[in-house]
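Annotated features, as they stand in Swiss-Prot:
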CARBOHYD  Asn77  N-linked glycosylation site
CARBOHYD  Asn84  N-linked glycosylation site
CARBOHYD  Asn98  N-linked glycosylation site
CARBOHYD  Asn105  N-linked glycosylation site
CARBOHYD  Asn187  N-linked glycosylation site
TOPO_DOM  33-105  topological domain 'Extracellular'
TOPO_DOM  127-143  topological domain 'Cytoplasmic'
TOPO_DOM  165-197  topological domain 'Extracellular'
TRANSMEM  106-126  transmembrane segment
TRANSMEM  144-164  transmembrane segment
Amino acid sequence: MAFRWRSLMRFRSTTRLLLLFTFCLTVIHSLGNDVDSCDKLHLGQYLCKEPRIDDATQEPETCKDRVAWVECLPAPNISCRLSNGTQFKFSGEEVGFNKTIPCRNVSGYSYKVAVALSLFLGWIGADRFYLGYPALGLLKFCTVGFCGIGSLVDFMLISMQIVGPSDGSDYIVDYYGARLTRLSITNETYRRMQPSP
């Protein structure tokens, strides 16, 4: 009976030591790996360079499939893991990671030209011919812009960028100019409830 009691006490003390050892290893491991990947830095911990803008398209030169890549520099004294797994402390001058930014698919149709054609020559359908809608352009030409009312409606639709080029691309708009962005509501959209008075 005494033998069982002693072996039970040894087992308990060994179990306690093993648990303490496991806990210490877990704490040391978690303290050593608190550095995240560089692409998971929070806003304010990095600064992304401005993309190089193509003069012809007014979009980033690296734009492909509506996405462009820019280089991001972590702030000074920020430590993070590079893509190859090494930990690095940045001085603010080194590139830490690349980030994607949205860009637009353009194919040569200028917004300024489309609005000017719609305003001055919309009554003969020049705007619709320019945007690639020859049937509507011919119809506007034959009806003198639907007696002016169609020209006014087309001018409003083109200036609000509702009517765009026929190939589905976007207008060429100055990169830092006034661009319209369509907002949509989906099932993931958060709606804040208004307090009732």
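Note that Cβ sites are derived from N, Cα and C of the backbone, with glycine treated the same way.
The topological domain 'Cytoplasmic' (127-143) scores a mean pLDDT of 96 in the predicted structure. Residues 53, 57-59, 104-111, 114, 131-133 of the same chain sit 6 or more residues outside the topological domain 'Extracellular' (165-197) yet have a Cβ under 8 Å from a Cβ within it. A Cα-Cα distance of 38 Å separates Asn77 (N-linked glycosylation site) from Asn105 (N-linked glycosylation site). Comparing Cα positions, Asn98 (N-linked glycosylation site) lies closest to Asn84 out of the glycosylation sites Asn84, Asn105, Asn187. Around Asn105 (N-linked glycosylation site), the C-beta neighbours below 8 angstroms that are at least 6 residues distant in the chain are Cys63, Arg66, Gly168, Ser169, Asp170. Rounded to the nearest whole angstrom, the C-alpha distance between Asn187 (N-linked glycosylation site) and Asn84 (N-linked glycosylation site) is 37. Note: the topological domain 'Cytoplasmic' (127-143) comprises 14 helix, 0 strand, 3 coil (DSSP; helix = H, G, I, strand = E, B). When other Cβ atoms within 10 Å of the Cβ of Asn98 (N-linked glycosylation site) are tallied across all protein chains shown, the result is 14.
Residue counts of the topological domain 'Extracellular' (33-105) by helix, strand and coil are 3 helix, 27 strand, 43 coil (DSSP-based).
Other C-beta atoms found within 10 angstroms of the C-beta of Asn84 (N-linked glycosylation site) number 6, with every protein chain shown included.
With respect to Cβ neighbours within 10 Å, the glycosylation sites Asn77, Asn187 differ, and Asn187 shows the lowest count.
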